[in-house]
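Scroll down for the structure; my scribbles are underneath it.
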Ligand SMILES: *Cc1c(COP(=O)(O)O)cnc(C)c1O
């Protein structure tokens, strides 16, 4: 008989009750219906588990990046409507129509193909009009849009039930964002006014937290569901969802003048107690924090990292503590916020969370 499997070396604890708390907060702040954005494996938190957990709340749509994600949610038995956030390409469209997912349209050609597929399928497909009010990634530009809508309305197997746009700078440029929201309102007015569309949506987390959106009746929060505010001043409303953890595998005292890790970017100047931790960039903990003052949380205290993050291990200065082999280590979570890790890595929280690799076991609470 095989021995019992050992516990995971590194894991991510996912607090599903915090996730649901954040969803409720998003709905309260938005004051309207919510599309929960769960693209990229629910920002690394685990697509199926997060979708099942949120489906029990009152949400209108799940927002996903592509058909692969849509399929995984639907196959997990979740019946909430699924919306594809970005442009689709031709070979994805038959499955979208067949399974009744909701695409957004950026061109007349794709609209005509969806219409033909829906006719062949014997159904009428609900679609949203994507408008490009400043993002430059997808959607119809405002110019000529009323005429395009008239063309779209001639397609009998499509029902244009929504209109969406996206904010590129809601966490960086308030003035631009205000003018963009005004532009979006103007576009809707030029298309027959708000009543023309069952769903009107524009806001990501930053848009939802920082701006009035009377034009809209649906919000698309992503990051804030996972407990992180893209704008300062909203942290107290949200609860941390993911805690990235690992174990001390070894503790030794190195003499003065001893290099630590690749490149010997750090050399001890005195006898130093060094804990080796079983996590590295192969787990998605960013190598880019190396040398930038990153810390780890062990036994209720923060300790500084030494030298470079390696693929599977990293070293922590635990001089003066009784940190021991087997101790649990928090790399980020309630005590070290992921914003802090992202800043030290020179990147954004979205990239850190979605970069946690499959080697890290997700543990749900
Ligand atoms: C990712 C995404 C969102 C969610 O953005 P957050 O900043 O994570 O809240 C909303 N809408 C679209 C179109 C997106 O691509």
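Using N, Cα and C of the backbone, Cβ positions are placed for all residues, glycine too.
The annotation active site, proton acceptor is assigned in TrEMBL to 39 (among others). Listed in sequence order, 63, 64, 65, 66, 69, 85, 222 are the same-chain residues at least 6 apart in sequence whose CB falls under 8 Å from the CB of residue 39 (active site, proton acceptor).
In the three-state DSSP scheme, residue 39 (active site, proton acceptor) falls into the helix class. The annotation N6-(pyridoxal phosphate)lysine is assigned in TrEMBL to 39.
A coil conformation is recorded for residue 311 (substrate binding site) in the three-state DSSP classification, outside any helix or strand. Among the features that TrEMBL reports, substrate binding site is placed at 137, 311.
Taken from TrEMBL, the feature domain 'Alanine racemase C-terminal' covers 241-365.
DSSP assigns residue 262 (active site, proton acceptor) to a helix. Under the heading active site, proton acceptor, TrEMBL lists 262 (among others).
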Close in space, distant in sequence - residue 137 (substrate binding site), Cβ under 8 Å, 6 or more apart: 86, 166
The domain 'Alanine racemase C-terminal' (241-365) resolves under DSSP into 23 helix, 46 strand, 56 coil
Residue 262 (active site, proton acceptor), Cβ-centred 10 Å count of other Cβ atoms over all protein chains shown, is 13
How long is the line from the C-alpha of residue 311 (substrate binding site) to the C-alpha of residue 262 (active site, proton acceptor), rounded to the nearest angstrom? 11
